[in-house]
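Heads up: the structure comes next, in structure tokens.
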Amino acid sequence: MSKFPSEKPVLVTCGLPYANGKAHVGHLRTYVPADIFTRSLKKTGQEVTFVCGSDTHGTPIVFNAEELKTTPTEIIKVYHKHFDEIFKKMGVMLDAFGTTDDPTNHNRTTEIVSKLIENGYVYPKTIEIAYCPSCDRSLPDRYVKGTCPHCKKEARGDECDQGCGKHLEPGELEHPACTTCNGPAEYKQQEHFFFKLSQFKDFLLEYLEGLGGTLNARNYALGWVKQELTDWCITRSLDWGIKFPGHEDLVVYVWVDAPIGYIAFTEEWAEANNESWEKFWKDDGSIIHFIGGDIIYHHCIFWPAMLKGAGYNQPDAVVASGMVKIEDRTFSKSRGYVVWVDEDYLDHGFHQDLLRYYLASYTSHTKELNFSWKVFQDKVNTELVGVFGNFLYRTLLFTHKNFGEIPEGEVKQDILDEINTTIENAKEAMENYEFKKYADTVMALASYGNTYFQSNEPWKLIKENKEACGEIVKNCAQITKALCLLFEPILPEKMEEAWKQIGMETDVHETNYMEATELVKSGTTLEKPSILFEKIEDEKTEEMEAISAARVKEAIAKENGTEEVEEVKEIEEMKDLITFDDFSKLDIRIGTIVSAEAIKKSKKLLKLQVDLGEEETRQIVAGLKESHEPEQLIGKQVAVLTNLAPAKLCGVESNGMVLAGVDAADNAILLQPEKETNPGTCIH
């Protein structure tokens, strides 16, 4: 049964862009799908509001302002305007876009933190804080760097961003150093305030079991909550930020006031539209967060616990995207692994809708996306130009030349059935946050239209029976109308143009999906159509690849010095042929990793608990330690050989095998399903 439209109003939010640098393609992996989802809900008749805002507090902005000899206020003014403009250029149409430094957010944050204090969920504690004797200052968050205590990779003060991804509390970082002078730091004692996150374990376990959205968010969070939950330091020694109640020398941690921004932006929207923000955050509205996969911990653990403690509604769904990479390196604007939205894309003349389609259709939303200009070119040329654009142009041009209008004729029931089936399948995909499946489903209707046009050969029929030919092109016009409505969430500007080309006078953005089967009107004048999608030439792709390669090379040189190119690993010799009977003896299934820990006696082995749809999880030992951090594996779905005889490795029993390949550097590469599925699903 379809979830939308529902009587409950829906609030869609996005993880806040940090107002400390420009927008890159990695940002858009969150914002474009959220916009697609919102547009789609509107097309079902659902009441939906879409809000976001700039994250304007925290140490990176202060750090940047000091380097540029300006103020945090000036920094955020520049980048808030930048993101607002980029979103509009990319068709991300927000109902409100505020900042966390708005008075509304200051007031709402103070109210919520005060309520947590009043309810007994906040307490003071003396802890060790990094301090630089050379600069004579405390070093919160990005002011300090060092070694992650968990994975031993270089990390920032509040997170291991290039290693295991763990949130780090003050004082945890090993071998601390000041990021301002690069000198060694030391730890000093200071009083800060903590949120009693540990008291919310039972609540979080129950809450997460019922959390909607994508499985990677729920499973990752559950894996953490099932372990020991530690209380959370929610203050920092900074001047910039929202003051902690009663303490002018402290501000609340940015991960407290940033998500509270969702409430503040809803308030700002409500005030501007004479609406109620409480219908989402206090009453029975539904809240859906779209975020990047790197901030699941904050949105699925800290945030719902804070909301519960302060008496607010918790999110109904969290939709977490896979990270975007370039040449297998995670996007990072500070490190230089990026493709900028303006100078690398829009300024080169690429249309906004092409990138929207690429991001939606390339791979499952929860999987990592390794950005490729070549794949981008192939998606545009093969699908948008070769399939969809080809059907639109040949249909409309033929109709214009031979009829000048939509001719008389009956729209066949099988055409209407195909459209209805496509609508239902597309809506189901969208409700499950499967944007690739949605795009593929709609593109299949374009392929159906091409086949229908080609098989009926109207260019021949026009010479023999113009009336019969007219009926064929009218059916094609009906398919075109449906495609415009179904592709509008992904290709809003192009579909606005196509909508006009088929003679429609209504607003395609405000037209319900179900109007796709309302018959096109015979006699509607059709002007000569324009070509909606142009091929991307190889020379342009090569130019863009060269720009990206140069930037990555520069980033590597800056970060690690000169790096030799790895030799290509020789392909292993193929094994002897086996019979199908031999293969059928293998029971290979999809499993979800629910916990992972190192085996101390081994340099290569990890002990995993894997959900295979059985009553209990399966313990499996896997040689993944050198290539994967245990925390990064939690929530991942993998291929498992389940009927391998039990064996003991380093004294630990293993009841199966996780299947993986090996790259040129002998790192394990996990085999994962195209989209998330039920644990225990058989691989045939």
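Cβ atoms here come from the backbone N, Cα and C positions, even for glycine.
Annotated features, as they stand in Swiss-Prot:
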| type | residues | note |
| --- | --- | --- |
| MOTIF | 17-27 | motif ''HIGH' region' |
| BINDING | Cys148, Cys151, Cys160, Cys164 | Zn(2+) binding site |
| MOTIF | 330-334 | motif ''KMSKS' region' |
| BINDING | Lys333 | ATP binding site |
| DOMAIN | 582-684 | domain 'tRNA-binding' |
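Positions of Swiss-Prot features highlighted on the structure.
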| residue | record | Cβ contacts under 8 Å, 6 or more apart |
| --- | --- | --- |
| Cys148 | Zn(2+) binding site | Glu154, Ala155, Cys160, Gly163, Cys164, Lys166, Leu168, Leu173, Glu174 |
| Cys151 | Zn(2+) binding site | Cys160, Gly163, Cys164, Lys166, Glu629, Glu631 |
| Lys333 | ATP binding site | Gly21, Lys22, His24 |
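Using a Cβ-Cβ cut-off under 8 Å and counting only residues 6 or more beyond its ends in the same chain, the motif ''KMSKS' region' (330-334) has close neighbours at 21-22, 24-26, 60, 161-162, 323-324, 371. Helix, strand and coil counts from DSSP across the domain 'tRNA-binding' (582-684) read 7 helix, 43 strand, 53 coil.
Each of the binding-site residues Cys160, Cys164 was scored by the number of other CB atoms within 10 Å of its CB, and the largest score is that of Cys160. Taking the mean position of the Cβ atoms of Cys148, Cys151, Cys160, Cys164 as the Zn(2+) site, the remaining same-chain residues with a Cβ inside 8 Å of that point are Pro149, His150, Lys152, Lys153, Ala155, Gly163, Gly165, Lys166, Glu629, Glu631.
Within the model, the domain 'tRNA-binding' (582-684) carries an average pLDDT of 84.
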